[in-house]
Amino acid sequence: MTEVSVETTSAGSESPSIPLPVHIDPADLAAELAVVLSERAGEEYLLYERGGEWVLATGVRAMIELDSDELRVIRDGVTQRQHWSGRPGPVLGEAIDRLLLETDQLFGWIAFEFGVYRYGLQQRLAPGTALARVFWPNGRIVVTREAIQLFGTSTGRRDDVLGVLGDGVPGLRDASAVDVVTDPSNYRDRVASAVAEIAAGRYHKVILSRCLQVPFAVDFPSTYRLARRHNTPVRSFLLRLGGIRAVGYSPELVAAVRHDGVVVTEPLAGTRAFGRGALHDRQARDDLESNSKEIVEHAISVRSSLQEMAEIAEPGTAVVTDFMTVRERGSVQHLGSTVSGRLGTSNDRMDALEALFPAVTASGIPKAGGVEAILRLDEGPRGLYSGAVVMVSADGALDAALTLRAAYEHDGKTWLRAGAGIIEESTPEREFEETCEKLSTLAPYLIARQ
């Protein structure tokens, strides 16, 4: 067992780091710590991978629950309730800022439906629709390839970490793959309806999705470990929060706001399969880079993101960089671009999030028409799907990963969900095939819960 000194730390402080043995994968360790520290105790938690580190937020010291008709802040067994109206961004932002007066980071998720208010479509939501869950954790553990750092954790939890290192991370059971080609939601027919509406001039693009029910309960931490080995996400996450379990491998950022005010979003649009051998991957890439439908889809998405960035950025700072390069994400490859700007002096991170949310690559163009079409044509409320998993910091930073390529569990049901961007040139069969390609990011790697 690794030997280090042990000390009790207060919330926000840190204890001496623990070296990570070279034979232990940091993603495996972080997921196993989620099991040992939270799953077995029935605690809520969120694991978030960003830039070579895995941040595990465990236990709830305070919780912000934003619904379509009420804001609740729960702390020390006391619930403060507030009815609200208007935009959800300022309401959520104010609640977040209050908690960040006492701690340095909060974690949570934001539902797709958070974004309908910007377009005046909130009357379409059912009463009590969940919009966001954000919490102040009791403890936080950061795992990198070199070390483990504990923040606000007790001596007992440090001992648990040392125990996992001493025992080693357990092996994984075999996966139980699910068939991605079933289509009980008549996805092809919905695509055809959208193409007809686009041809009639109602909007230019919409992302329609379909659900794939999983016929068994999923072991989410084990699935995270196995699928992470087969994916190359920009962010990944594992969570049990607000009545939802989820595991996912985010292909893109909805928004990242740095402490110095730089805002970044990374729209991915245009898709082909990946991971089918070097020759097939090269052929698919060549087709992706030359296909007029995919190029048009990407270009109009980037233009929309640039316009949104300009709304909240200092004049002249909104720019596109790394335009239309191929980015590999597990079982698929995409055309991707980076859009950035410097946050205007009259705006804050929630203004940036509201301007960019929901992601253009998960909604439509124009967004108002795309979101309205989704509420009519898509397969039920989206919830966390195409929303965001977020990390918010006291220094003004925000990191919001687009919630795609994920598995979900709620009310005893488990499912995957994937979509495709529909434009006038779309064909139902190809868009269905694209959803199959995206579902294959996770479908082969599901491990059943024992």
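Backbone N, Cα and C define each Cβ position, glycine as well.
According to Swiss-Prot, the protein has these features:
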ACT_SITE  GLU252  active site, proton donor
BINDING   GLY270, THR271, TYR385, ARG405, GLY419, ALA420, GLY421, LYS438  substrate binding site
BINDING   GLU297, GLU431, GLU434  Mg(2+) binding site
How many Å lie between the Cα of LYS438 (substrate binding site) and the Cα of the residue listed as 'active site, proton donor'?
14
GLY419 (substrate binding site) CB neighbourhood, other CB atoms within 10 A:
25
Near GLY270 (substrate binding site), which recorded positions out of GLU252, GLU297, GLU431 have their CA within 10 Å?
GLU297
Could you check which of the recorded positions (GLU252, GLU297, GLU431, GLU434) sits closest to TYR385 (substrate binding site), going Cα to Cα?
GLU252
Apart from GLU297, GLU431, GLU434, which residues in this chain have a Cβ no more than 8 Å from the mean position of the Cβ atoms of those residues at the Mg(2+) site?
THR271, LYS293, GLU294, ALA420, GLY421, ILE422, ILE423, SER426, ARG430
Check each residue in the chain of GLU297 (Mg(2+) binding site) that is at least six apart in sequence and keep those whose C-beta is under 8 Å from its C-beta; list them in sequence order.
LYS205, ALA269, GLY270, GLY421, ILE423
Would you count the other CB atoms within 10 A of the CB of THR271 (substrate binding site), including those on all shown protein chains?
25
Report the member of GLY270, GLY421 (the binding-site residues) whose C-beta atom has the most other C-beta atoms within 10 angstroms.
GLY421
Write down the Cα-Cα distance for GLU431 (Mg(2+) binding site) and ARG405 (substrate binding site), rounded and given in Å.
16
List the same-chain residues at least 6 positions away in sequence whose Cβ sits under 8 Å from the Cβ of ALA420 (substrate binding site), in sequence order, or say none.
VAL191, ILE207, LEU208, SER209, THR271, SER426, GLU431, PHE432, GLU434, THR435, LYS438
In angstrom units, rounded to an integer, how far apart are the Cα atoms of GLU252 (active site, proton donor) and GLY419 (substrate binding site)?
15
A 10 Å Cβ contact count, applied to the recorded positions GLU252, GLU431, GLU434: which residue has the minimum?
GLU434
Cβ-Cβ neighbours of ARG405 (substrate binding site) (radius 10 Å):
26
